[in-house]
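> Handing you a structure now.
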Amino acid sequence: MNNLLEFFSFTNPTVRTVVLGTVLIAVCSSIVGTYTYLRKRSLVGDVVAHAIFPGICLGFVLSGSKNPIFLMLGAIAAGWIALVLMDAIVAKTKLKTDTAQAFILTFFFGLGTVFLAYIQKSGSAAQTGLHDFLLGKAANITQFDLAVFGVISLLLILLVLTYYKVFKLISFNEDYAASLGYNVKFYRFLLTTMTVVAVAVGIQAVGVVLMSALLITPAATARLWTHKLQHLMLIAGIFGALSGIFGAYVSYAAVNMPTGPWFVVFLTFFALLSIFIAPKNGILSKLKQKRINANKINRENVLKTFYNLMEHGAEQINTQLILEKRSFVPRVLEATLHKLKHQGLVQRKGNIYSLTEEGMVEAKRVVRLHRLWELYLTKRMNYKEDHIHGLAESMEHIITPEIEKDLLKELDYPTQDPHQSKIPY
Amino acid sequence: MISLEAHNLTVAYDKVPVLWDIDFELPTGKIIGIIGPNGSGKTTLLKTIMGLIKPASGYVKVFEQDLDEVRQRVAYVPQRESVDWDFPASVQDVVEMGRYRKNSLFRRLTQTDKEIVANAIEKVKLTAFKDRQISQLSGGQQQRVFIARALAQGADIFFMDEPFVGVDATTETAILDLLTTMRDEGKTVVIVHHDLQTVSGYFDHLVLLNTRVIACGPTAEVLTQENLSNAYGGQLTLLSKIQSIIKEKEFPIREKGFEKR
């Protein structure tokens, strides 16, 4: 508990460095990753993340230190070599993209692991902690790292904002961009380089193994919340930042815990949460829509039954009469009647129910739609009369006023349905 | 006046020549159809004209100039299926892309741009849908979005790849009306089309294609029984044999020094 307070009060300068560093890294990867995601290059991100591992080891061997600048240079070089090799494999051999990706990813990662084993055996004191690049250790972020990552992250974010329009165009429709005269190859190169750099920056906090999650998951999660690209980038950044703060906390509170896996746990938590509660696309809102539909169907069916009973001369309508005419679950019927009364469509005197004026209008509308659709099915779609009732039974709840207007026009304002019942207006 | 000239154009796709030494010229101010059977190179021709595929030999001139010189006057409507319509963008967003210019990265859309965009959306009858997310549109509406984007470019010549595929009757009529208006304004529209039945109703001028140009001219002159059976009547077996040898041995289609001739 003390830990929690100390961490989230941000009074400790080490905590501030770690949190700021992680958040910057996370926001930057999430925003750059938005384009990786939109261009369907998710797996390329994974390849790059794994491929930079030997680069980091080499950077360490050549410079003899864990200075982030050397490690990053090694990482970026390795990432690029991997991508160039991958493209060459696809272009020059019969192998397909997925095969080339699997091949390059495993080869480079294997190479990195060999390098790491060699470095660890050499026994140099500086190498301790190099294996933290595998799964990430946000707590290791120093003031100097922060300065380096900060500058690079801000630069990347600035690039995305500068080229926002072009990146949008290229991600949506490369051929069209080329037809406008844009140098598509250059922008593709720029986007790929930005991805490589974002990955190289991120590995300190997340590690090479899980880095691609930080590129892809925030954007994929944000996609559930919005249809707008600006908002997508913003929301992805927020999810990334939140996961970053929690990841940094774990790294701070539990000394031997790697950050990357926790990062991914939090990201996935947000993703799952979004699958449930996101507007329109979320499971909850779909359930809600289902309930709204069911209620509408019940209400309209009850109103229609009133109309049918009255059409056959019934005057004193009670629940029993309704149930004889049409099967409802009695409890549902009670609830629906209650709701209709509340809405002023039905009135009640003792056990006798009747339609109000408004209720009558609504009941007529439902019956009218049913009969119009039956007529449409027989006249325009050549259905036999004994088939149409069931189809119209569901359509009456779906047809909108606009479609009703078209329907009336197309059928030339008919007065009788195929069963010779009057169509009420 | 000539709107488009293709000279000795040879294009290979995955090393197989799809267009073999073709030559033709197109007039200005007409609705022109590029027709031919499946795999006859129609889309490849359009992409080559737009500079998306590099030809193995020959060249294309638009309004008697290289494409790069006249880009502002040329608009391209790719096949609808060539993009992912789940992309987070609205109708307005996509049509605005027609006003993007490569040399003005930071320029915001001006009031004039916005009027042009609104006008283009109106012309394809999508004003009521302008804020709609593009994934929620029908196939026909999506096609109209692409056409509106090209209209927003304010071009003089339009290249459209199969705009009538998978569209509803409303869209078909809307597109045809629009094409007529465009022609009356002096614009040239070149359309890749595969449905022979509708050809005579749609186009003033035709290029009948099957790896080579079989006929090119006013619709009535091109649509003869002889031309059609030449284009559609079975593959040329000898030609496809040679094509497979070229693919297998990776022979060059043109020897050095003959690229531009």
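Glycine is no exception: its Cβ is also placed from the backbone N, Cα and C atoms.
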> Look up transmembrane segment in TrEMBL and report which of A:43-63, A:169-189 it refers to.
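TrEMBL lists transmembrane segment for residues A:43-63.
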> Quick one: average pLDDT across the domain 'Iron dependent repressor metal binding and dimerisation' (A:356-424), no decimals.
89
> Where, among A:102-121, A:232-254, A:260-278, do we find the most CB pairs under 8 A to the transmembrane segment (A:20-38)?
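Comparing A:102-121, A:232-254, A:260-278: A:232-254 has the most Cβ pairs near the transmembrane segment (A:20-38).
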> What are the helix, strand and coil residue counts for the domain 'Iron dependent repressor metal binding and dimerisation' (A:356-424) according to DSSP?
44 helix, 2 strand, 23 coil
